[in-house]
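K.L.:
Take a look at what Swiss-Prot says about it:
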TOPO_DOM  1-9  topological domain 'Cytoplasmic'
TRANSMEM  10-26  transmembrane segment
TOPO_DOM  27-44  topological domain 'Periplasmic'
DISULFID  36-39  disulfide bond
TRANSMEM  45-61  transmembrane segment
TOPO_DOM  62-68  topological domain 'Cytoplasmic'
TRANSMEM  69-85  transmembrane segment
TOPO_DOM  86-142  topological domain 'Periplasmic'
TRANSMEM  143-161  transmembrane segment
TOPO_DOM  162-175  topological domain 'Cytoplasmic'
């Protein structure tokens, strides 16, 4: 029964991801909101979460496979969560906080021989720091942060319920 519930949750997650991407494209076309570099990473994470959730729902693996799908989903959702959190921080940080951050990031990219990324970083970091649109006083990166938080919580159910099944089996084996 638990695997059927998990498949249904992953199917709902894939629908949620599809609606999030649809909304992002709608806002881009309707309001002319061009995505910045961090927005594109978040979109890629949402698409990856949606595809992985749909695969988990359609594949119907056993407990080990569902655990693997859940861990992969959790890693992708946490990547999006960190990216959205970084963008929210960029939007709320003052110029005094942004300049040292960008300087350290430029230094890191120069150490990695990614000089072509430095010029793009200067323009994109400032572009990502702009608040271009809000709904109920919440900016788009904050909405993304909320969505990724929900998506990161979803795979915890199969992981913890599998852990509780394992503990129950261990207790029964003792007696």
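Including glycine, each Cβ sits where the backbone N, Cα and C put it.
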K.L.:
Count the CB pairs under 8 A between the transmembrane segment (143-161) and each of 10-26, 45-61, 69-85, then give me the winner.
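P.N.:
Answer is 69-85, with the largest number of Cβ pairs below 8 Å.
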K.L.:
Check the DSSP secondary structure of residue 39 (disulfide bond), expressed as helix, strand or coil.
P.N.:
helix
K.L.:
Suppose you look only at the topological domain 'Cytoplasmic' (162-175); what would the mean pLDDT be?
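P.N.:
A mean pLDDT of 57 is what the model gives the topological domain 'Cytoplasmic' (162-175).
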K.L.:
Near residue 39 (disulfide bond), how many other Cβ atoms are within 10 Å of its Cβ?
P.N.:
22
